[in-house]
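Participant: For reference, Swiss-Prot lists these features for the protein:
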type: TOPO_DOM; residues: 1-6; note: topological domain 'Cytoplasmic'
type: TRANSMEM; residues: 7-23; note: transmembrane segment
type: TOPO_DOM; residues: 24-454; note: topological domain 'Extracellular'
type: DOMAIN; residues: 27-140; note: domain 'Ig-like V-type 1'
type: DISULFID; residues: Cys50-Cys124; note: disulfide bond
type: DOMAIN; residues: 148-234; note: domain 'Ig-like V-type 2'
type: DISULFID; residues: Cys164-Cys218; note: disulfide bond
type: CARBOHYD; residues: Asn210; note: N-linked glycosylation site
type: DOMAIN; residues: 236-355; note: domain 'Ig-like V-type 3'
type: DISULFID; residues: Cys267-Cys341; note: disulfide bond
type: DOMAIN; residues: 365-452; note: domain 'Ig-like V-type 4'
type: DISULFID; residues: Cys381-Cys435; note: disulfide bond
type: CARBOHYD; residues: Asn427; note: N-linked glycosylation site
type: CARBOHYD; residues: Asn432; note: N-linked glycosylation site
Amino acid sequence: MVDFPGYSLSGVAASFLFVLLTMKHPDDFRVVGPALPILANVGEDALLTCRLLPKRTTARMEVRWYRSDPDTPVMLYRDGAEVPGLAMEGYRGRVEWMEDSTEEGSVALKIRQVQPGDDGQYWCRIQEGDYWREASVLLQVAALGSSPNIHVEGPGEEGVQLVCTSRGWFPEPEVYWEGIRGEKLMSLSENHVYGEDGLFSVEDTLVVRNDSVETISCFIYNRGLREPQEATIALPEKLQTELASSRVIGPSQAIPVRVGETIELTCQLSPQTDAQSLEVRWLRARYYPVVHVYTNGAHEAGEQMAEYRGRTSLVTDAIHEGKLTLQIHNARTSDEGQYRCLFGKDGVYQEARVDVQVMAVGSTPQITREVLKDGGTQLRCTSDGWFPRPHVQWRDRDGRTLPSFSEAFRQGSQELFQVETLLLVTNGSMVNVTCSISLPLGEEKTARFPLSGW
């Protein structure tokens, strides 16, 4: 190492490096976002801001607002104007550049008609040349749901069920029950459904086994909304209504229906009661959304599940006897399962449950013969269009079961099954075999393949 009087080369290099590291970049600046989250209710406008320090104009800089990917901006502002056509899908037509404070280094993005999907983190990136800095901005979106509704189901064998329902919440809320003295009560079940609009519906069930319980309250709340929504019910009063002593009767057996046919779900009040003034709801697993609603003598379409829109109708010829039939047209495989039929009035409901079994009988099996490389022979049996998953069976001419070499089931876009099964033929003396494909309800299709002369 070469040394100069009073200096060392390593010391000079270290000093030079220190100067480089501490030298102020000609474009040096930083970006600062708000210290606290920005709060906005669904449907309102939100204003996201960030500041350039030290203060200077951003008119000739690039300002990029984005969520997680800088290449997919919410908005891009460059050289004094918005760059069109680059906004993320879902923000197009809803974002606006605010120019009021560009001279002071403050920039703002307005999001109009805030939606639940707007909730979360945003980044504000400011760039000049190749130099950029960014800061994060947190937007917290909230929606206050509808006032809770408590209705009574039963009484049943385990007691009276109280169901607390509400819609239109964001983010996902919490639910709790209290007795008349403020004591917490344990829910039997709690279901939160995320709707097409991005909002949550709540269905919380409480079982009351103590006849002395009089008043019960349901509370629903979420973050950012300090006061919970509340509903209270006086139980003895509800249990004295006429409907509380009635019951709903539905089919005792599952209803079989083929794909494309019409499903008919019939429910009736017992004893017979005129149901014209009642609310009648057909549900799947939860209270919201519904398969079909009849209330105040009319059909309510607003609560209906998307997959049932335009496919349901109601037969009301015997409504004065408390009997109604829901028709679901053009049955699909997704319609299979359990349905709940509820009659209600003044917050008291009685229900029956109905099972639907959807089936589709597939095509006639096709059997083809294939010669293997080792000289052996296999038979391939194929068919499609089955639901639910069918049973496949090979048999010889005497009806004895033959073990298949392999079976494969595939579901297409309509959830119908395609079937393929292979049979290795080891005995050339067999005259013929059959391939049978059947459903649990007894529907069956069979194909026969002759093997004589091999």
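Note that the numbers count up from 1, one per residue, in the order the chain is shown.
For all residues, glycine too, the Cβ spot is worked out from N, Cα and C.
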Participant: Which residues of the same chain, at least 6 positions away in sequence, have a Cβ lying under 8 Å from the Cβ of Cys124 (disulfide bond)?
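Facilitator: Once residues fewer than 6 apart are set aside, Cys124 (disulfide bond) is near Val31, Gly33, Leu48, Cys50, Val63, Arg64, Trp65, Val107, Leu109, Glu134, Ala135, Ser136, Val137.
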Participant: What Cα-Cα separation, expressed in whole Å, is found between Cys267 (disulfide bond) and Cys218 (disulfide bond)?
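Facilitator: One finds 30 Å between the Cα atoms of these residues.
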Participant: What is the interatomic distance between the Cα atoms of Cys381 (disulfide bond) and Cys341 (disulfide bond), given in whole Å?
Facilitator: 43
Participant: Across the domain 'Ig-like V-type 4' (365-452), what is the average pLDDT of the model, as a whole number?
Facilitator: 88
Participant: Rounded to the nearest Å, what's the C-alpha distance separating Cys218 (disulfide bond) and Cys435 (disulfide bond)? Just drop the number here, would you?
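Facilitator: Pair distance, Cα basis, whole Å: 59 Å.
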Participant: Give the number of CB atoms, excluding that of Cys218 (disulfide bond) itself, located within 10 Å of its CB.
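Facilitator: The answer is 27 other Cβ atoms.
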Participant: In the domain 'Ig-like V-type 3' (236-355), how many residues does DSSP put in helix, strand and coil?
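Facilitator: The breakdown for the domain 'Ig-like V-type 3' (236-355) reads 17 helix, 56 strand, 47 coil.
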Participant: Considering Cα atoms only, can you say which of Cys164, Asn432, Cys435 is the nearest neighbour of Cys341 (disulfide bond) among these recorded positions?
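Facilitator: Minimum Cα distance from Cys341 (disulfide bond) across Cys164, Asn432, Cys435 lands on Cys164.
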Participant: Can you count helix, strand and coil residues in the domain 'Ig-like V-type 4' (365-452) using DSSP?
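Facilitator: Residue counts for the domain 'Ig-like V-type 4' (365-452) by secondary structure: 0 helix, 54 strand, 34 coil.
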Participant: Could you tell me the C-alpha distance between Asn432 (N-linked glycosylation site) and Cys164 (disulfide bond) in angstrom, no decimals?
Facilitator: 64
Participant: Using Cβ atoms only, which residues of the same chain lie under 8 Å from Cys164 (disulfide bond) while being at least 6 residues apart in sequence?
Facilitator: Pro148, Asn149, Ile150, Val175, Trp177, Val202, Glu203, Asp204, Thr205, Leu206, Cys218, Ile220, Ala231
Participant: Test of understanding: give the count of other CB atoms lying within 10 angstroms of the CB of Cys435 (disulfide bond).
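Facilitator: Excluding its own Cβ, Cys435 (disulfide bond) sees 26 Cβ atoms within 10 Å.
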